[in-house]
Amino acid sequence: MQKPKFPIFVTRPSLPDLNEFHDQLKILWDSKWLTNNGAFHQRFERELAEFLGVKYVSLFSNGTLALITALQSLRITGDVITTPYSFVATTHALNWNGIRPIFCDVDPIYGNICPKSIESLITPKTTAIVPVHVYGNPADNSELQRIADTYGLKLIYDAAHAFNVRENGKSILNYGDLSILSFHATKAFNTIEGGAIICHDSKTKSRLDFLKNFGFADEVTVVAPGINAKMNELQAAYGLLQLKSAESEIEKRSRVHQLYADALKNIKGIRTIPIPSNVEHNFSYFPIFIEPEYALSRDKVYEEFRKRNIIVRRYFYPLISEFPPYRALPSASPDNLPTATNLAQSVLNLPIYPDLSQETVEYICHQLATAFNS
Ligand code: T4K
């Protein structure tokens, strides 16, 4: 088995057929309608909602602005309970709304916010919970909804990783008050940059549409201090083409996932995340956890892979609670977050994308199996 000649990145985006995209561009050039709820945008919102099995989609220019706007739309203030084991945008979106994040520990298997730890963090200032379906693995949604209902809290999901993930045949994007998606180039479904808010009724959809367009309800009416977070026509046209291959791309990812799962299952000190039988996954990430019994430390494994042109990543290390804007918060103390701290110190994300070759996956697994001795 040969070291790859070129860097193998943690992910590579799938792109639509260039000729088909060119045909769409011709329509765009002729219409000269480039943004602000154009024909592609309207069609993409409808087709995406149907594809995902949700009622309403409001498209956004990226997932971060979608989350910032989702929190605005529900007028969330005060304290919000969230997870430190995520991409930093989850907490930044709270910060941009003047909300104080309250970090909660996570479960040791999936790395999702741990409902058992939430209740003791609730105070009169708590207004909402912002969980993340980390790596696309569904959070404990029924328990999160029970807590939200009991304490009168809003539930807004950062579902940036959860494109088309289903539980018992239904989209997990239907849980809670709102869910946000990211269509960044590194995601299982991309529109280069992009995102969306999933909501369950037409009034909320209208409000989100106003908010992402400066708060305009019509030419002369501004109903809220909105922002500019619209997806443009070029990306919507690209997204429509991406939808055509979304299922087959996920299917290709599932094959890569299975190769890893089979090859790594008996390596002492390497833990992977199981997928429950009632979950249809999107296979967007392949995290492994390097446990103390493994021959090398996580950071040594990270370095050894890089020496061999395998550009692994440590999603999510450091924890968000360790970054300077947040580390002085009382809830950021590692003593409050033992499981999240442990996961962040042991995680490594292996490359996964639709056309990653079997040979490369075998090379990666062989390196892990032999502790880089071959
Ligand atoms: N919530 C969660 C839970 C999230 O994970 C994210 C984003 C958000 C919210 C916010 O959504 P957005 O506002 O981004 O829509 C990446 C992404 O930039 C970020 O979108 C993502 N999460 C995060 C987990 O990962 P980096 O800094 O690791 O990306 P980068 O540029 O190092 O790319 C990783 C690898 O991907 C590269 O080594 C090569 C490959 N790549 C990347 C790009 C951009 C390509 O092959 N082509 C490309 O165009 O953050």
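Keep in mind that glycine also has a Cβ here, set from the backbone N, Cα and C atoms.
Taken from TrEMBL, the feature active site, proton acceptor covers K187. Of all Cβ atoms in the protein chains displayed, 23 besides its own lie within 10 Å of the Cβ of K187 (active site, proton acceptor).
Summarising the annotation, TrEMBL assigns N6-(pyridoxal phosphate)lysine to K187. DSSP assigns K187 (active site, proton acceptor) to coil in the three-state reduction, placing it in neither a helix nor a strand.
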